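Here is the structure we will look at.
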């Protein structure tokens with residue numbers, strides 16, 4: 001025989017306040033603290049990390065300054081590598097196009113060799129000159145408020161020099177000089193323009209066009 005429970009109505013349930021008194025027995029957290037389980041777990045984790053070569057040697061509550069420094073330095077290296085790879089790809093493209101323009105035999109091993117050199121050179125340039133929070137100032141002793149101005153001045157001079165020189169060699173020098181110098185100079189011009197603020201980048205491009213017009217060069 002099936003026995004059905006009688007459903008209780010809401011009015012039959014007596015209202016009462018919840019029990020706000022604390023626990024009468026020890027909680028699991030209190031028992032763990034008494035037995036020093038948390039410290040034992042931390043020590044075991046440090047031993048495991050030491051075995052894996054990842055020990056940090058940091059006391060509980062202290063800030064991991066070394067890890068933050070490594071993270072900032074690693075970020076700077078990765079950013080420089082990304083810029084360098086992009087510039088190396090641009091160098092590879094310009095090198096290939098210049099040789100194709102002058103109907104030269106495409107020697108891919110030499111192009112790849114020059115691309116590798118461009119990768120290393122731009123890696124050093126970007127790591128040194130590209131602004132990053134890990135580097136306070138470009139020049140030791142220079143006040144931080146003048147650091148951006150100093151970098152922009154370097155990039156502005158570099159962009160004007162590279163742009164005007166590229167225009168000059170493509171109009172006045174022999175094809176051999178263009179083959180050798182146009183790809184790296186073109187990459188430097190593009191990179192320095194990208195590093196400039198918008199107003200200075202427009203000023204630099206205007207300066208290059210003014211040089212092109214003043215010399216009477218044609219397309």
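Each residue, glycine too, has its Cβ placed from N, Cα and C.
According to TrEMBL, the protein carries these features:
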type: REGION; residues: 1-25; note: region 'Disordered'
type: COMPBIAS; residues: 9-23; note: compositional bias 'Basic and acidic residues'
type: TRANSMEM; residues: 111-129; note: transmembrane segment
type: TRANSMEM; residues: 149-167; note: transmembrane segment
type: DOMAIN; residues: 151-219; note: domain 'DUF7719'
type: TRANSMEM; residues: 188-214; note: transmembrane segment
For the transmembrane segment (188-214), distant same-chain residues with Cβ under 8 A (at least six beyond the ends): 83, 87, 90, 122, 125-126, 129-130, 151-152, 155-156, 158-160, 162-164, 166-167
Reported mean pLDDT - the domain 'DUF7719' (151-219): 92
